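**Student:** The annotation substrate binding site is assigned in Swiss-Prot to Arg69, Glu111, Tyr124, Gln192, Pro193, Trp194, Pro195, Phe196, Pro197, Gln198, Ser199, Ala241. Per Swiss-Prot, the feature Zn(2+) binding site maps to Cys98, Cys101, Cys116, Cys119. The divalent metal cation 1 binding site annotation in Swiss-Prot covers Ala158, Glu178, Glu219. Taken from Swiss-Prot, the feature divalent metal cation 2 binding site applies to Glu174, supported by sequence analysis. Feature annotation from Swiss-Prot assigns divalent metal cation 3 binding site to Glu174, Glu178, Glu219. Feature annotation from Swiss-Prot assigns domain 'Nudix hydrolase' to 125-248; the stated evidence is sequence analysis. Under the heading motif 'Nudix box', Swiss-Prot lists 159-180, citing sequence analysis as support.
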Amino acid sequence: MDRIIEKLESGWWIVSHEQKLWLPYGELPHGLAANFDLVGQRALRIGEWQGEPVWLVLQHRRHDMGSVRQVIDQDAGLFQLAGRGVQLAEFYRSHKFCGYCGHPMHPSKTEWAMLCSHCRERYYPQIAPCIIVAIRREDSILLAQHVRHRNGVHTVLAGFVEVGETLEQAVAREVMEESGIKVKNLRYITSQPWPFPQSLMTAFMAEYDSGEIVIDPKELLEANWYRYDDLPLLPPPGTVARRLIEDTVAMCRAEYD
């Protein structure tokens, strides 16, 4: 699936190493390979954007290596491809040797996988499913400040799905563990690939059922009900959390304005 980049090769360039992304001038490189000193490097075509190929190059650059978060405010499709590139680069870096027999592995030519020629084991990129849920109580939404986000941002509750658990069970468990309340009338809304490091966010809306807020201090700094027209600092646009909050606000406005 990979090829040597030629002089006239053009497109979008995802140059990644150790979960970092090369962002000269703060943007994804776009244009001729020669303009970015990429001629002769090996590249994988991982998709297409606006009619042009998107290439992944497994390489570290001395300068301008940043986080894929820096392109989150670009088009959702381009952010998704950048996230795919970073995750694939990390997958190839972390699967050089077979976890069963210890022998070297090589990339598949037909799919995103690493193959062991010794024991025939096949490895795929790991994806960690997560739930994220907006909880509404009349004209208010439950928002929390997470321990890992000490920047004043308040967001909806989220967490990883555990082994042997349905998405619905994960929502009920995470909400109870983090906030002490029960929810009802759960509705699936959308999903979003989230490459931090390798999650798939499954987004829901739910209604408050019962209980008083009792936070898990290992997860949350605080949590509270906020009226739809008096909200704290929110996650940035482009995140599924922001969409859930905005959709909840729109529903409240339709009923209470």
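Positions of Cβ are set from backbone N, Cα and C atoms, glycine also.
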**Student:** Could you give me three numbers for the motif 'Nudix box' (159-180), the DSSP helix, strand and coil residue counts?
**Tutor:** 13 helix, 2 strand, 7 coil
**Student:** Say we define neighbours as other CB atoms within 10 Å of the CB. Which of the binding-site residues Cys98, Cys101, Cys116 has the fewest?
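**Tutor:** Each of the binding-site residues Cys98, Cys101, Cys116 was scored by Cβ atoms within 10 Å; lowest is Cys101.
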**Student:** Restricting to the chain of Ala158 (divalent metal cation 1 binding site) and a gap of 6 or more, list residues whose Cβ falls under 8 Å of its Cβ, or answer none.
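**Tutor:** Spatial neighbours, sequence-distant, of Ala158 (divalent metal cation 1 binding site): Cys130, Ile131, Ile132, Val133, Glu174, Met201, Ala241.
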**Student:** Within the chain of Pro197 (substrate binding site), which residues six or more apart in sequence place their C-beta under 8 angstroms from its C-beta?
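**Tutor:** Spatial neighbours, sequence-distant, of Pro197 (substrate binding site): Gln19, Gln87, Glu90.
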**Student:** Including all protein chains displayed, how many Cβ atoms other than that of Glu219 (divalent metal cation 1 binding site) lie within 10 Å of its Cβ?
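**Tutor:** Total other Cβ atoms inside 10 Å, all chains included: 18.
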**Student:** Name, in the order they occur in the sequence, the residues of the same chain whose CB lies under 8 A from the CB of Pro193 (substrate binding site) and which sit 6 or more residues away.
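**Tutor:** Long-range Cβ contacts: Gln80, Gly83, Arg84, Ser199, Leu200, Met201.
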**Student:** Over the span of the motif 'Nudix box' (159-180), how high is the average pLDDT in this prediction?
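**Tutor:** That stretch averages a pLDDT of 98.
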**Student:** Setting Cys98, Cys101, Cys116, Cys119 aside, what same-chain residues sit with their Cβ within 8 Å of the center of the Cβ atoms that define the Zn(2+) site, listed in sequence order?
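**Tutor:** Sorted by sequence, the hits are Gly99, Tyr100, Gly102, His103, Met105, Ser117, His118, Arg120, Glu121.
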**Student:** Sequence order is fine: just name those binding-site residues in Arg69, Tyr124, Glu178, Pro195, Glu219 with a Cα within 10 angstroms of Cys116 (Zn(2+) binding site).
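**Tutor:** Within 10 Å Cα-Cα: none.
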